[in-house]
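Visitor: Below are the features I grabbed from TrEMBL:
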type     : residues : note
TRANSMEM : 21-48    : transmembrane segment
DOMAIN   : 23-510   : domain 'Major facilitator superfamily (MFS) profile'
TRANSMEM : 68-87    : transmembrane segment
TRANSMEM : 99-118   : transmembrane segment
TRANSMEM : 162-189  : transmembrane segment
TRANSMEM : 212-231  : transmembrane segment
COILED   : 257-284  : coiled coil
TRANSMEM : 352-369  : transmembrane segment
TRANSMEM : 375-394  : transmembrane segment
TRANSMEM : 406-423  : transmembrane segment
TRANSMEM : 487-505  : transmembrane segment
REGION   : 512-543  : region 'Disordered'
COMPBIAS : 516-526  : compositional bias 'Acidic residues'
COMPBIAS : 529-543  : compositional bias 'Polar residues'
Amino acid sequence: MAHDHKVLDALDAAKTQWYHFTAVVIAGMGFFTDAYDLFSISLVTKLLGRIYYFDPSSKAPGSLPPNVSAAVNGVAFCGTLTGQLFFGWLGDKMGRKKVYGMTLMLMVICCLASGLSFGSNPKGVMATLCFFRFWLGFGIGGDYPLSATIMSEYANKRTRGAFIAAVFAMQGFGNLTGGIVAIVVSAAFKARFDAPAYKDDPAGSTVPQADYAWRVVLMFGAIPALLTYYWRMKMPETARYTALVAKNAKKATADMARVLNVELADEQRKAEEEKELERRAREEYGLFSQEFARRHGLHLLGTTVCWFMLDIAFYSQNLFQKDIYAAVNWLPKAETMNALEEMFRISRAQTLVALCGTIPGYWFTVFFIDIVGRFAIQLGGFFFMTAFMLGLAVPYHHWTTPGNHAGFVVMYAFTFFFANFGPNSTTFIVPAEIFPARLRSTCHGISSAAGKSGAIVGSFGFLYAAQSTDPTKTDAGYPPGIGMRNSLFMLAGCNVVGFLFTFLVPESKGKSLEELSGENDEEEATPEPSHSNHQTVPTNLSE
């Protein structure tokens, strides 16, 4: 192997030890909070509609108008997308650790502020809520590239995939906790302030105290973030950043020796490394260089397109949820419940989905990724998602007739399982492994931002697309669309594109990060003429 960093070799070969698990928890709690914050809004949107858009003359409870609903649910995605790009770039400029604390503080502040959204009229409350949800998303966006990069740079090469996957899998627990908190809060309020169903007493069905219920749920997200802040600040900067980007091999060695049991090199060796780093610094290419395009252009195209396509399919699933809940009788008609009862039932349904559909897939990835490899899991995931979506679309009329709903739910659950035991996990892992250290966080940010733009298309584009072609059957306020069946065919198409673009991404199982990113080969790259006086430095100190 051609690279000359003893500390990085030591990291790659390090035994899996306690500190690795600590890092998973510290990085994972950020993801836990992200998922909680992004997910909890869907548990309270119906309640917000009942509280702020109540119309005494209507037979149905108040609901958020389509544009308000899209804003409340989607504004955090827009914030996430910008945060991924900005903090991804900043993480390579300032170091992972410094930026990591900033994103967390932003999340804590905006989490609390979104629960304190006040206004003299419904528009005011919604506008304030959207403002803080945007900045909350901005902080969450930073967590994507930083958590992935930190974990990949700490891990050893044997179990790196499992560790990054475990950080990502904390999302499942975040979703689950969101559901549980909402269940507890709504049940407690319901027990204390009972109210008649909407059809019996429209105005009385929503008690004034319900306005506190959604605020409590949203603000709870600040707690896990606050708890991890201290630990995040105590984590040393990753050795790979310190050695390869900040060019300080001595500090990298000291940092790693402090937290990991690894045998490290002597002083003289460090001095040689310092020289080697200086020499190498003169030969680095940037993100917009031809050299980057030649080495990693197709990789970046592969990671961005796969993540974009996956998230269109993954985030469009909320289209079917209301049909599924109705089909399985989890949700009675809205007018037969009071406001808190409805929140309770929605939370219960979402929690069951998180428990059965989301969490198993993530952990399958954790256990199998370093055995099967990223490539096989991603290809298989896209393949099965395509198969199950076509299985829903082709006989769509069969699934919608009474008596066949259970089959629909099973097929749908499998689509979900193979997204999580598949591209939903791998698209997060691979960009943290295959790019050079000085561009790693930036490239992960670009890939994940492509994913979030897919999420925006999936959740909002398809909200309009999936509307019935018959104008009399669309949801209130929506124009006719192409219908659910055609939407399913389009989503299956997205999975096929993801399948094909997976072939652009290299397998990273069991290889060191420097080997994958080509940072070893950079030493052998011929120096440009201006560097000719350095050619006497040995470029290949083999181990």
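Glycine too: its Cβ is placed from the backbone N, Cα and C atoms.
All TrEMBL annotations are machine predictions without curation.
From a predicted model like this one, the values you see are computed outputs, not experimental measurements.
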Visitor: With the transmembrane segment (375-394) as the reference, find which of 99-118, 162-189, 352-369, 406-423 contributes the most Cβ pairs under 8 Å.
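Guide: Highest pair count goes to 406-423.
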Visitor: Mind pulling out the one from 162-189, 212-231, 406-423 with the most Cβ pairs under 8 angstroms to the transmembrane segment (99-118)?
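Guide: Ranking 162-189, 212-231, 406-423 by Cβ pairs under 8 Å to the transmembrane segment (99-118) puts 212-231 first.
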Visitor: Looking only at the coiled coil (257-284), what is the model's average confidence as pLDDT?
Guide: 61
